Amino acid sequence: MNGWMKRALVELRFWACLGFCLVLAAIALMGQLDRLRASEVPARLSMGKASSPTASRPVYRIRADYDDKARTVAGRMEVTLPKNRSETWEEVYFRLYPNAFRRWQWEEHSKPKEPGYLDVTEVKVNGRKAATHIDGTVMRVNLPKPLQPGQSARIEMKYRLKLPRGGSRLNAFGRTAFLAQWYPMLAVKDEDGWHTEPYTTVGDPFYSQMSDFEVTFRVPEGYRVITSADDDPTKPAKGTVTLRQENMRDFAAVITKDYEVIQGAAGDVEVNLWYQKGMEKEAKKLHRAAVSGMRFFGSLFGPYPYREVDVVLGETGYGIAGMEYPGLVTSIPKYPTRKGERPAVNVVVHELAHQWWYGVVGNNQVKEPWLDEGLTTFSEMLYMHDKMGEDQREFLARAAEVSDEIHKRQGVTSVEPLYRYSDSIYGLMVYTRPAAMLWRLMDEIGKEKVLEILRTYYDRYKFQVATTRDFIRVANEVAGRDLTPFFDRWLFFKEKDIRKAG
Ligand SMILES: [Zn+2]
């Protein structure tokens, strides 16, 4: 292979890696590559036995009626707020992400063909009507009386979701609806206050907290429901299905008439891959990769805590190659390369690695997107290296150089909120450079130490939210030396430490 070819491959790989969660317009530029029966809804929620509200997690009870002709979900939702707070709350915020698709404010090329939205009505707090204020994707609920620490409250509401056509993630086409961020999601409140940051098309602009869910779907005849919860593929939904899942950050679902399943297991974890007609060839390969990936990550980082995971093949809207939700990921079946089309093993494996980094160990994906994307890209590359024999060193070295250049020109680092990145540099700064950093760290302290850092970080922060500072603290502790200059150089581009950091 000549130099030109090598460079071309690095370039190819470079662009291919720009965003597996959001495949960017860059790929197109390169030209290479890579019915609703609302009246029948009971006046009050009655959904059988619910798990008793925990002190620490919100408890969602949702009843969702899907209308395939109208592309709508009529929902009734009840959220029990957690008790263990140190502050008095006078208001509560919810995220209504589908409202991003009501009046599209972003790039024309990613505009949905038909708009979508999430309308909320009849909001009550402990049975009393509550005043609300909705501004785009943010809803404030004024509590009729302040909620003291140690007190819980039950917030009820009705909602109507209209699915966009050609939306990103949240989408409906053919006889399939992809339900992503499809219910009013309780916003996160932490030391920075309530998180009500605006939607953006760069990255995954979502931040959610561990919650308990009881979700009842009513679907038209012939439809099945694939969800974040432990689904049983042998029992298709007959009209109504109720799913329960504790300790999960989000609850995604796919309602469909068009999918077949391949079942398997990675140890105790059931791995289901869902595919449509015409994807049979890739489906088999990708199911094998999914099983092998779940086994690989489980043995390297620590056990996946849920019983089952679903991989759903298909493009879930404009520019989305793959997307992660707890217990459910989506992926395109294949992507084009110079050598022809290839099954999207790296996309599937990438999204599954997110079960560890994002799903179980959470982070603020708006404020520090590198933390889940960087660790996930590194995990994906480790799989592609160890299991598929791919050597990424040259590509990673090149990515490090290019990201240094971008930092010099634009001043942007790898630890910035989403809004600081344009589409064209996001993947490089947030995915690839941190992956290159961890690859370099293996050279510095050895692969086993790096894996021990990741295992310790996973064990310490599972079911919680971690920060960049937490990650560096664990790394220093496990390595038994101060790696802060190394991370300063790689994440924050602090040049003065370059020689010391190597
Ligand atoms: Zn990702």
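A Cβ is built for glycine as well, from the same backbone N, Cα and C atoms used for every other residue.
Note: TrEMBL annotation is automatic and uncurated.
For the Zn(2+) site, TrEMBL records H350, H354, and the single candidate of E341, E368, E373 listed with them is E373.
Looking at H354 (Zn(2+) binding site) and Y431 (active site, proton donor), their Cα atoms lie 12 Å from each other. Screening the recorded positions E351, E373, Y431 for a C-beta under 6 A from any atom of ligand 1 leaves E373.
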